[in-house]
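Visitor: What follows is a structure written as structure tokens; I'll ask about it next.
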């Protein structure tokens, strides 16, 4: 009987969260990319009285939509309109320039809000762990993308595009195709995009004429998708080189293609391109698709110490009979590709923060449908109360913008279920300081918050600068410039 | 003097009507169909007209039917039923020439449209519930197929809502909005490319 009373009391308290305006649900979303914004949008829809604050360490919102999507893909950025409407919602606030871990700790946030959703993505890289990886001229694709997209942390990358005529890209996913395309596209076409001006200048002086997209396995395992592949195969003045022998399919490959529409179409596109006669010499630039090559080590230049001069590859074959389970095994035969620039596009990796359980093997926060688990044992009953994840931090660094839509729906559903079941009781019974508490704490620490209307000042300034150069915007890419435009 | 100007005037007028009609209809439609919109979509103002042709919310068909219906006040409408993830039905009337995405937004039906009809996403994915109606649609272009590749809950009769344009033969069409969470199993989850 006592249990029933307690259960009823819990349910009443928790329902009081949403239905009484004296104790509105206070939610903090960490990260303002697609995962963060879709979460905020779905929370506001599911809980009409909730107050949602979105914090981001940058003064600019939108995460990878702003700093990841390539400059020549403006349509993919249109979703920013939808996210802006969310930020402008009466009960939502964007708070830029607030860094989890330095401006405020995770435990402090959890005291201020009933619900904290971590959606800060993956700002680090997987590494190969092979000799020579720290030579100059080797960068992660993530850094290179940040560089040409004007991210303030990527601005000083200063990749050397003038010392060589060849670049090797490790990986064959859409990010790899993006960086290849930016290196190969005629710069006149890039000049009217929102590419960072210093990157455009560097590309205009680039001596790179050959780009190699190298994968450990075969075309049936390439992670890119049809649209991006079709696009890069059609770039003006670029010769495509694909070995027809590489396109032969194993029985397991056939199985993989049979059940996967994307891979089928990718293979078709590659086959068509391989069959086309090469117009060698007429085109200025070359794109080579190289398969079945695993990087073994990076070679150091004899003329320029400390600088990469090539990649030493081991040829591979596929082993394993299950479709989707074929792995690349080294054959003991080796081959070199000479180059002065290497871009590793082998996957992003999330970064843990203090007080956050982390699965280092998978590079994600252990969770069950978005509910953060206390450890990596997988026991779904060991929950961190009031703490949730969404996006790459939850699923790993895969998927497109829209993948986060569904990811957010799942996380928000988990939150709603937990509120309904009275599981947020110990933190939820009392009203929480929420935004007022956060603003006070940040003020005490002299953190200058960038609000959404401050971001709109940056936005207008970028558009104004862009309009005189026939660009949609000219990105402000240093911390100083951004702060100046936002806060003065 | 007038007579020498007239021959040039005709094409000049047609051209202005052509481009301004297109652009103003485009913007007008957008404003109508977006709930809670605060601003005009800035991205569109930068997109060249060519890009608009390729992926516009209105689409090639609508453009043609718009100019041919120029001057008609009363647009012919067809009956469309949307079935949401919970099986709830919503019956609406859609003017000929309007895309299903626009129609959904104008009627507060929950169909996402992240790229606002520019063939750069798959969030307006709908399933045509009756194969006879599916067959009445023109084949998807390569661009639409590229986006359908990435759609959640893809079926044999899936299309992008922004590319299905109302025409008289589609009267009575039923469109299901796919249940997203079906593909979101924790176990056996296949990572999607990006």
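From the backbone N, Cα and C atoms, a Cβ is placed for every residue, glycine too.
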Visitor: A:35, A:64, A:100 show up in TrEMBL as binding FAD; which entry in A:392, A:455 does that record put in the same site?
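Guide: Candidate in the recorded FAD site: A:392.
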Visitor: Among A:420-439, A:460-479, where does TrEMBL put the label region 'Disordered'?
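Guide: From TrEMBL, the annotated region 'Disordered' range turns out to be A:460-479.
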Visitor: Can you tell me the mean pLDDT for the domain 'FAD/NAD(P)-binding' (A:26-188)?
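Guide: Averaged over the domain 'FAD/NAD(P)-binding' (A:26-188), the predicted model reaches a pLDDT of 97.
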Visitor: Using a Cβ cut-off of under 8 Å, list the residues of the same chain at least 6 residues beyond the region 'Disordered' (A:460-479) that approach it.
Guide: 74, 149-152, 155, 191-198, 485
Visitor: Cβ neighbours within 10 Å, counted over all protein chains: which one of the binding-site residues A:35, A:64, A:100, A:175 has the most?
Guide: A:35
Visitor: Would you mind listing, in sequence order, the residues at least six apart from residue A:172 (NADP(+) binding site) in the same chain with a Cβ closer than 8 Å to its Cβ?
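Guide: For residue A:172 (NADP(+) binding site), the qualifying residues are A:213, A:214, A:215, A:222, A:223, A:224, A:289.
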Visitor: Report, in sequence order, every one of the binding-site residues (A:173, A:174, A:216, A:399) having a CB within less than 8 angstroms of a CB belonging to chain B; if no such residue exists, report 'none'.
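Guide: So the ones by chain B are A:173, A:174, A:399.
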Visitor: Counting Cβ atoms within 10 Å across all protein chains shown, which of the binding-site residues A:217, A:228 comes out on top?
Guide: A:228
Visitor: Taking the Cα of residue A:399 (NADP(+) binding site) as the centre, which of the binding-site residues listed as A:35, A:64, A:100, A:392 lie within 10 Å of it?
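Guide: Close binding-site residues: A:392.
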